[in-house]
Structure formats: structure tokens, C-alpha cells
Amino acid sequence: MPANLTEGSFHANQTVPMLDSSPVACTEIVTFTEALEAEEWGSFYSSFKTEQLITLWVLFVFTIVGNSVVLFSTWRRKRKSRMTFFVTQLAITDSFTGLINILTDIIWRFTGDFMAPDLVCRIVRYLQVVLLYASTYVLVSLSIDRYHAIVYPMKFLQGAEKQAKVLIGIAWSLSFLFSIPTLIIFGKRTLSNGEVQCWALWPDDSYWTPYMTIVAFLVYFIPLTIISVIYGLVIRTIWIKSKAHETVISNCSDGELCCSYNRGLISKAKIKAIKYSIVIILAFICCWSPYFLFDMLDNFNLLPDTKERFYASVIIQNLPALNSAINPLIYCIFSGSLCSPCKVQRSQDSRMTYRERSERHEMQILSKPEFI
């Protein structure tokens, strides 16, 4: 049985629970009666379970290996920075997602029933939801950090390291706080079809829809709105500063004035950090948007109970797990030192002045996302 975080109670018509790797999931796919009466549905469901296991194993390996490489890469850096800190936090969150969400889902599919005590059920569900919130709120913290770095660069330099730790501390604190209801809602339970599962213990099925709506807004819609507004302001600031730079350069005849103004421009390192952050956010949106939209439609019974819905749901439910496997790849693309050999150009260094070598060395360091 999968490690669904939002599996609801069985309805009157009895439903076959869905197989998914995500910590939150739609509560049903096809009715239990349909699964018994239609042989093709039953065989399809069983065969796809094997394919799902293969998919989950692949995602698990890529998630653990990829994020381990990222953590090792950030750990071996002698020079740390705010961006190193946030990349590390994101990799830690993704690693725990692989261990607690994906791996437990794989184990559940092998065992069928939930074998552990009720306390273990509640703790596992709680940790799964904590990671669900944390994966989103860490991205919000990263967005706020990038906003201050671009919009208020002078203020940002004062206590930047402390501010980054405070943002991450708030993100994890809110994640643990908002997940507390899970300890009450979920528990070990015998379902109507005889299975013993770690399931939602609702007094009535009508509680499920408002609960899932609240979770969807706290985990996805509200954070996505905040992130979108923040990066909108960041892009606007970059555009305004670039236009001001063009105006000054076109009207400037004094070299010293131009040089002093250039120092106030946004560095290439910060621009690259923004690009890295935006790609991470876009990956999050691509992986989670189909899931939450499908889940909301399903909880309000707006989707038809058809085989096409079954096909779509099985694919969509694996997308959140895919996000944790993609993030290390994005880091690899933006960090040349991780994925390509370092080329030291000694001959060029010998022809450069001390100032040119210093500036190039600084840009080589700052151009990597972990040092921005």
C-alpha cells in the first residue's frame, strides 16, 4: 500500500486506494465494485503496480545519489556563502523526501498491509507532511533572500548569514507546526476491504475536502503567490537598473564617473543566482501544479470516473517525487565545477595584470550558484 498522506476513508461504494509516491494524494481511482466486475481494470491495476515500483526505485536512486553529490560538493567548498547554505538546505530536504516519502512508499507496496504499530504510522505521516511543507517553504526563503540581495544590496550585506539562518529556521518551524494535525488525523485502521493501513481517521468523509483544500493552499497556492510576487519585483528591479545603466553610459564622457556607477550595478554572479533560483522554482511548478490541480478537482468530484482518469492520475502522482530528483541535475547544470573538469589557464594568467587576475578569480568563484 502506498504512503499516501491524504488517503481518505472509504466511501459507501468502497474505493480502491491509489498508488502514488507523493505525501498527499487523491483518495480514489476506480470503485471497488468496478475492480471486481471488470477483469481488464483489475489486471491493469496490478500490472501498473509493478511499473510504479520500478519508477519509484529509479526516482529513489536518482534522488539519493544526486542530492548526496550536491551535499558533498557544498561541504567540500572552503568558501561558504548564503547560496551555499540554501542549496544545502534544499538538498537535505530532497534527501529526506527520498528516504521518508519514496522509500516508505516502496516498502508499503511490497508489504501490502501496514505492519508497524499505530505510533509509527502517525510519526511517519507527520514527517512526510513536514517534508512536504519544508520543500515549499525553503523555496520561499530562497526567494526572499534573493529579493533582499537584489533590491536592497547594501542592507543585505549586514548580517546576511544570520538572516539566511533565520529564514530557514522559520521555514522549518512552520513546517513542523502546520503538520501537527497529521498526528491526530492519521492512524492504523482496518479498511472496508480488509486491508490494515495507515489511514485518515475521519468521523465523516465530509471533513476530507476542506482539509485537503487548506493543505493545498498552505503548501502550494499561497507560497507560489508569494514567490511569484517576489520574483516579479526582482525582475522589475533588474530591468530598471539595467535601463539606468544604459542611460548613464550613453551620456557619460568621464571615465571615472562611469566606473563608479558600474560598481553599483547588479553583478553577473547575482544574475546567475537569480537564474538558478528561477529554474528551481519552475521545476517545482511543473512537478507540483498538475498534482495539486488534479487533486483539487478530484476532491470536489469534478473528474469523471474513467480509465483515462486512471492513466492520468498514475502519471501525475509521480511528478512530486520527480522534483526531488531533478533539483540536483539543475544544480549540476549551473555549477560547472561539479559536472566538468576545471581548466586552469596559466598562460593567460601570466599575461594578465594583478587586478585582472583578481577580478577573473572573483567571478569564477561567484559565478557558481553555491557561492552567490
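From the backbone N, Cα and C atoms, a Cβ is placed for every residue, glycine too.
The feature topological domain 'Extracellular' is assigned by Swiss-Prot to 1-52, 104-122, 187-213, 298-313, with sequence analysis given as support. Feature annotation from Swiss-Prot assigns N-linked glycosylation site to ASN4, ASN13. Feature annotation from Swiss-Prot assigns transmembrane segment to 53-73, 83-103, 123-143, 166-186, 214-234, 277-297, 314-334. The feature topological domain 'Cytoplasmic' is assigned by Swiss-Prot to 74-82, 144-165, 235-276, 335-372, with sequence analysis given as support. If you look up Swiss-Prot, you'll see CYS121-CYS198 marked as disulfide bond.
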TODO: Using DSSP, break the topological domain 'Extracellular' (298-313) down into helix, strand and coil residues and give each count.
DONE: 9 helix, 0 strand, 7 coil
TODO: With Cβ distances under 8 Å as the criterion, find the stretch in 83-103, 123-143, 214-234, 314-334 that has the most pairs with the transmembrane segment (166-186).
DONE: 123-143
Task: Listed stretch, out of 53-73, 83-103, 214-234, 277-297, that has the most CB pairs under 8 angstroms to the transmembrane segment (314-334) - done: 53-73
TODO: Please work out the number of neighbouring Cβ atoms within 10 Å of the Cβ of CYS198 (disulfide bond), leaving out its own Cβ.
DONE: 24
- [ ] Give the one range among 53-73, 83-103, 277-297 whose Cβ atoms make the most pairs under 8 Å with those of the transmembrane segment (214-234).
- [x] 277-297
Open item on the list: What's the number of neighbouring CB atoms sitting within 10 A of the CB on CYS121 (disulfide bond)?
Closed with: 18
Open item on the list: Using DSSP and collapsing to three states, where does CYS121 (disulfide bond) fall: helix, strand or coil?
Closed with: helix
